[in-house]
Every structure is written in structure tokens, then in C-alpha cells.
Amino acid sequence: MATDTKKDVQAKGKVKKFFTSPARITIAIAGLFFIIALVESLTGATDISSPGTSGATLRFAIPLLMAGLGGLWAERAGVINIGLEGMMIVGTWTAAWFGYLHGPLMGFVAAAIFGLASGFFHAILTVKIGIDQAVSGLAINLIAAGGARYLSGVFFPPVGGDRTVSPPVDSFPTFTIPIIAPVLESIDAQNIFFISNLAGILHGLTKDVSLVTIALLLLVPLTSWILWRSKFGLRMRFSGENPMAAESLGINVYHIRYIAISISGMLASLGGAYLALVASSVYREGQTAGRGFIGLATVIFGNWKPSGVFAGSILFGFTDALRVRQSESVMSLILVGGIVAAVLTLYYSISRQWKPGAISAVIMLVAIWIHQRVDVIPQEFVTVFPNFATLIVLTFLAQRLTPPAMAGMPYRRGSE
Amino acid sequence: MKKDRIFWGTVAPLAAILSSVLLVSIILMLRGANPIEIFQVMISYGFDPRNLVSELNQTTAYYLAGVAAAIGFKMLLFNIGIDGQYRMGAFFGAVVGAAVSLPPVLHVLLIVITAMLAGGLWAAIAGYLKVRRGVSEVISNIMLNFIAAAIIAFLLGENLLGILPEGSQNVQTRPIPVSGQMPTFKMFNGEVYSFLFVAILVGIAYWIMLNKTVFGFNLRATGLSFRAARSSGVNAPGMIFITTVLSGAIAGLVGLGTLLSDTHSYSMAFPSGFAFTGLSLALLGRNHPVGIFFAAFLWSFLERAAPVLEYEGVPPEIVIVMQGTIVLSIVIAYEVVARINLRQQQRAVGKVNVELAKESK
């Protein structure tokens, strides 16, 4: 991609190179796990790498991932989708209602259809009529929230639900991967340094998984393939970067955007359906709890790339899981962050990059200070970690981000 | 030309409200209810003197949120951060108000200034990110709203700034002493916040600032065209920053009516959602102080009259759908009108060109 390579040349840091080679990413991740193992054996807290945490992380991450992918599809085509939250609400409600009537599979199908429709609605408003994208998205959030509450009041009480809670819906069956999971469990129980920690994490990912989770995870490579390997993806990115030039080459930007935003709605809605049908087995008012906005944050955090969105949602899902499970683990996580910062400081000072070196040294000191002086990190701050992290990324790395050039800008055929 | 503008300025909102009434009527008929009957019940309930009082009090808050949004809109800023700014303002106003003892008027004044400062400073973060880092104010403000709520929830902890009054479930700040409270006045047999007058003053000040001062001229100029304003010597980035802070300062006042005249302390029971309401009202009122007032009253009216729907067997949340559709229809109406105007102008220009071409032959 033209704009990317240009910016890559500008930001030709060694770290960038370091992290782009797959083999080295593996080394970096292994190093991270090593530090986690070290911290766990030092502090005695075991929850970071316990199978429960990694399983919960996956369950919390999937809705964020779907919202994030939804945001990615829309923004790559050049339209910001602030209505992700509302589209997730559409998903939770329709999944619960149709899931109650016809079983969970139909719940998912219904959520996909209605999500597609809600995305299409956003597309009509922003592409065809051309109203402000933020206004349209926020109005969709409002209408979806109000509409879901209205419909809950109409439909749920007669069938044994409540005005805010649907009747319970059958969940999807989960299964444990044979052979691999028990083996991992036994390794985890051995308490070998590093290997057991790794096994614990993998055990959580192979135990009680739902087919839906795997299917939705596959959407990440699929999105990647569509964006960078297919004709449609090229046109979609073109519409986001320079719609006028795209139009002049005979691409129908309107059609591309209609399709991309509709799919965006469908993805967000599936994330909502996951909340209602897999993560729980009921629709509850306020179930989405701002996850659509965090999905929007993962798009920025992941620098408008599917793999980045995936990494962001795993990170945010992880903090969510730790918040729910055990607040002490947050402390050990801060220590992990401190050690990572220390390693980076060392690396930067050796390679004589003083500015990033100083930043990571400060991060290291802050982490150590918090670890020494603060007893418990308040829950409130753990909850908004994704928002805070996004703000930090925007503040300090805004120059390195490569958003689609025309995302959020109104575009009308034949006008400048 | 001006007449035209006023005509469209009133017709578009009315058309929007009408179309939303139509849509809700259809939904109600699907439910098997008689929409005309239900609207009659809502109107008679909403104009009941008892309810008018609480509507006026709610209008005060909504109006300030609307003006805060309108200031931003004049600069093409989409201040979705009103929610966080209002929280910061109300919270720190309450904390400072409870911590000091001053003579009556000064005390209130201090609370008001604190609230404006808190709201303004919180907005300044988004302003800085916008001007210096090129970060879209929509994204940064959404994140800042969540962060503001978390900071306040943390500070309201019992060991910090919050107390748990006896027989209550809600943590709140210490109560503001009598000298820092604002009186209410009697109207329709009820207690109306005197902060309503402050809100009206803010509206007047907004109008004067925008239309009668150099600052307001620069603000509008930058909003209309950043480049043109900059090349004519206006410090355009500075204007964007100041406007953001100003909008945040007004947003900091949103919760003060309730704080100063009713609860006298901040608690988690303070409602949220002012950002989108404010933006909707500014859109509906076309950024005009009087228009925003009517819009704010309409919003409070709808919300106050909603519970009566319960007796008719209709879930009252239908009102939220109604508000959402009003906003969408109004924006669509403006967009369509703007496009018609543009076409007419182009046609007029085209005619002139044709005539000029004929003359030159």
C-alpha cells in the first residue's frame, strides 16, 4: 500500500523492523511469557497464566474483536461507524429473541441479518443522504438502545422474561479438544518453570471452547485476506484513502461503501450475539456496556489492521478478565509491564535511541513505584484501561498511525 | 434571502418532529393502541402544572448542554465530551463547595467558577490533542467520557471524597452548606431552580459573543473556513482550542441546577447521556439560543410525559426512539434543503454565464 510504505520509510526505527519479522515476533512473545512466568514464580500469584484466565480472556475478547473488525470494515471504506454500540445491542436483542424462539443457531442468523440491516441503515444515511457520520452513528446508538428497551417491554414479560431480561436461551454446546487439553492440563499441574505457565494458558484455550468462538476467530485472517489479497479489498481501501481517485478509475465508491458498512453492522451485531448466546445465555439490558466504543478503540490501537485489532481486543479482553477474576493479578501484571519496560530501556540505550529509551525508563519507574506503593488498583481504573491506553497511543504515537486518509470525511460523487 | 433562511429554519424542525410523530404512531398502531388518544394523554399530562415545574428544571440542564454543543458546532467541533465535562464540573463544584465556607453569594460564585474550570480543563485535553496532535475530537472525547466517569467513581470512594449517608445506598460528596445553595422560586405551585436564570444569561451571552464581538466573528470565520480565517490573520488553531475549552466550561455548568438547588451534593445518581442530548438540541435549534431553548423544553417534555404511557400499556422507552428519529429527520431535512439551495445557486450562476456568453457574441 502506497501510503503505508511511505510512512514506513519515515518511521524506520529498528524496533519497527524488529517487530515486523515473524520469527522475531515469536521470540518477543516467548520473552513476554518468560517474564510472566518469572513474575509468577517470584510473587506467587498464578492467575495470569491460569487456564481460567486465558479462557475468560478469549470470551471477553471476542465481542471486542467483532466490534473492532466492524469498525475496521467501515473505516477502511472511509466511513466512521460510531453506531457500533447500537449495532451490538441489535445483535444481543435479536439473538436472544430468535434464539429463544428457534434455538441458538437461528439466533445467530437473525443477529447477522438484523445487523446487516442496521449497517445498511447507517450506509443510507451517510453515503446516500450524506449526513454527518458521527450524528448518524450516535442516533443509531440511541434508537437501538431505546428500541431494544421498548421491544423488551413488549415481548419478554409475556413469555417469562422481565422488562429488562429475556427468558433464558439455550447455549451453544462447548467441547474440550481431546488428547491435547488433558496433556496440557497435566503439564500445567507439574509446576515446571515457564513450560507449565505456557501450558496453563494453552489449556484454557483448548478447554470448553465453542465452535462459534473458532468460527468468529477465523474472521480475522479472512478480513486480512479480503483487505490485502482480493479485488474487493483493494477497492475498499481505495475508497477509504481517496474516493475521488477511485471513482475516476471506474470504481463505484457508493456500492463499495454500502457493502462494507453493511458488513460492519453484521460483524458488530454478531459480537452482540456472542455476548447473549455464548458468553451468557440471556439478553440483559446494558449488556454491551460500552463494548462498541472499546471496539472503536481497538481499531485505533491496532492501527487499522486486522491483526492489530485482534491484538488490541486480546489485550483489552485480558484486562477485563483480570478485573472480573482477581484484582491482585493486576498488580503482577504491572510488574510484568515494568520488566518489559526495563528490557526496552536497555535495548534502546544500547542502540542509542535516547528519546524512546527515556520514555520506557519513565514507564519502568512508574510501574515499579505503583507496585511498591499502591496496594490495590481500583477497579474503576482497570475498567477504563482500554480507553486510557487508546488515548495514550493517540497522544504519543499519532504520527505513526496510518488511518485511511479519508475516513470520516463526507464524500459526494462529482464534488470536491 | 434572510426570510428564506428563517422559513427553512422553522419548517425543517417542524417537519422532523411531525415525521417522528408519524413513525411512533405507526409503532403504536402495531401495538394495537390508538396513537391520537395516547398523544392526547401525553400532552395533558405534560402540561400539568406539577410536571411543568420539573420540565423547566430539566430544561435548564438540557439548555446548557445544548449551548455547549452549539458553541462547538459553530467551529465544526463535535463535542461529544459534554458528558465527561459536565461530570467533572458538577463533581468538583460539589467538592469545593462543601470544603469552604464563604458569604452566601461568593460561595455560589466560587462553585460556579470551579465547575466551569473543571469542565473547561477537561475539555482542554481534547482541544490540545486536536490542535497539536491532529486527533479527532470525537474519538478522544468518547475515551475521555469513560475516563472521567472512572476517575469520579474512584474519587467518590468512601475513604476519599465520598460519604455514605445513613439510610442511603448511594455514595455522595459532603453536602454544600446553606451559604452555597441557590434558592428556588415558586411557579405553578412548585419549586423552580433559580439556576434557570443563569442558563438564560448564558444563552444571551452566547448570542452576544457570537454576533457582537470580534472573538465571535473570528470563531465563526474559523468554523466556516479554517484556511481563509488563518490567512486573514486569525490564530485559527488557537481559536479551535479556546472554543473547545469554552464549550467544556459551559458543559461544566450542566449539573449545577440540580446540585445547587436540589441535592446539594454529587452522587452517582447524577444522570448521564447529556452529550448526545446537547448535540441533538443544538442541531434541532439550529445553534440559535432561542431555538435551543424550545428544543430543550421539547426534550424534557417528552421525557416527563413518557411514564404516563405505562398506564396505556405502552413501554415508555418509545420516547427514546422518538427522540432519535427527530434528530435523524432534522439532519436529513437540513441536508436535503442545503442540496436544493446549492442546486438553485448553481442554476442561477449557469443562467448568468449563458447570458454573458450571448452578450459577448
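A Cβ is built for glycine as well, from the same backbone N, Cα and C atoms used for every other residue.
Look at TrEMBL and you will find A:21-44 (among others) tagged as transmembrane segment.
The transmembrane segment annotation in TrEMBL covers A:56-74 (among others).
The transmembrane segment annotation in TrEMBL covers A:79-99 (among others). Within its own chain, the transmembrane segment (A:79-99) is flanked in space by residues 63, 67, 70-71, 106-111, 113-115, 118-119, 122-123, 126-127, 133-134, 136-145, 148, 151-152, 155, 166, 169-170, 257, 260-261, 264-265, 268-277, 282-283, 287-288, 290-293, 295-296, 407-408, which lie at least six positions past its ends and keep a Cβ under 8 Å from the stretch.
Residues or ranges marked as transmembrane segment by TrEMBL: A:105-125 (among others).
The transmembrane segment annotation in TrEMBL covers A:137-156 (among others).
If you look up TrEMBL, you'll see A:209-228 (among others) marked as transmembrane segment.
Here TrEMBL flags A:258-280 (among others) as transmembrane segment.
Remote same-chain partners of the transmembrane segment (A:292-318), defined as residues 6 or more beyond its termini with a Cβ less than 8 Å from a stretch Cβ, comprise 53, 57-72, 75-76, 81-88, 141, 220-221, 223-224, 227, 268, 271, 385-387, 389-390, 393-394, 400-404. Among the features that TrEMBL reports, transmembrane segment is placed at A:292-318 (among others).
Sequence annotations record features per position, and here TrEMBL assigns transmembrane segment to A:330-348 (among others). Long-range contacts of the transmembrane segment (A:330-348) within its own chain (CB-CB distance under 8 A, at least 6 residues past either end) are made by residues 15, 31-32, 35-36, 38-40, 43, 45, 47-48, 319, 322-323, 354, 356-357, 360-361, 363-364, 367-368, 370-371, 376-377, 382.
According to TrEMBL, the transmembrane segment annotation covers A:382-401 (among others).
When each of A:105-125, A:209-228, A:258-280, A:382-401 is scored by its Cβ pairs under 8 Å to the transmembrane segment (A:56-74), the top-ranked stretch turns out to be A:258-280.
Taking Cβ pairs closer than 8 Å, the transmembrane segment (A:137-156) reaches residues 80-87, 89-90, 92-93, 97, 118, 121-122, 162-167, 283, 285, 292 in its own chain, all 6 or more past its ends. Across A:105-125, A:209-228, A:382-401, the stretch most heavily in contact with the transmembrane segment (A:258-280), judged by Cβ pairs under 8 Å, is A:105-125.
Distant neighbours of the transmembrane segment (A:382-401): 7, 11, 64, 293-294, 297-298, 300-301, 303-304, 312, 315-316, 319-320, 322-323, 327, 330, 359; these residues of the same chain sit at least 6 beyond its ends, with a Cβ under 8 Å from one of its Cβ atoms.
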